[in-house]
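Novice: Pasting the feature list from TrEMBL:
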type	residues	note
DOMAIN	1-103	domain 'Out at first protein BRICHOS-like'
DOMAIN	127-195	domain 'Out at first C-terminal'
Amino acid sequence: QEVKIFRALILGELERGQSQFQALCFVTRLHRNEIIPSESMAKLRQKNPRTVRQAEEVRGLEHLSMDVAVNFSKGAQLSSHIHNVCAEAREAIYTREEDVKFWLEKGVDGSMFEVLPRGSDVPELQRCRLCPDRWRPCVCSYSLSIEWYPCMLKYCKSRDAGGKVSSYKCGIRSCQKGYTFDYYVPQKQLCLWDEET
């Protein structure tokens, strides 16, 4: 179904009434050519597998408004991985309306999606970092960075005895990318990291 899943586990602040950890899942559409095919990765051997890698290319920050909730029990038809990856985040699985439209066109059952309140619909809905009341609903913001992932294949050139140049797959190009997700929470208590310091 062309699905990309991000899972975040955030340690709770017990002295502020939070549980041990909070899990979030962000589900978005995976575009073609965004990551290299797994078949290609399986064929390419990695030299020095224990080396700590640095990304060769830093891709820009992507800011995503996650305005739809995904029902965990029905999510398996979108991706079989949701059941395993998002098990701790049953009540906190988010996606975007534009991705939902794409999946609906592919025949996914729309009953697993629930549109969340937005600032344009609810004028008093504030960003959590500006909200003074810990029990009020607000728009939370969570940022994460993927420090290293295989984003493209590398091609090398070789010459045969006749001088003809040909190219062949010879490695993986790595990228780094940051994401910021904005999403609705029913109370600021679920978003205590997003505070002005």
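The backbone N, Cα and C atoms fix where each Cβ goes, glycine too.
Quick caveat, the model's predicted, so the values are computed rather than measured.
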Novice: Tally of helix, strand and coil residues over the domain 'Out at first protein BRICHOS-like' (1-103) according to DSSP?
Specialist: 30 helix, 34 strand, 39 coil
Novice: Mean pLDDT across the domain 'Out at first protein BRICHOS-like' (1-103), rounded to an integer, is what?
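Specialist: Looking only at the domain 'Out at first protein BRICHOS-like' (1-103), pLDDT averages out to 86.
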Novice: Looking only at the domain 'Out at first C-terminal' (127-195), how are its residues distributed among DSSP helix, strand and coil?
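Specialist: Helix (H, G, I), strand (E, B), coil: 7 helix, 44 strand, 18 coil.
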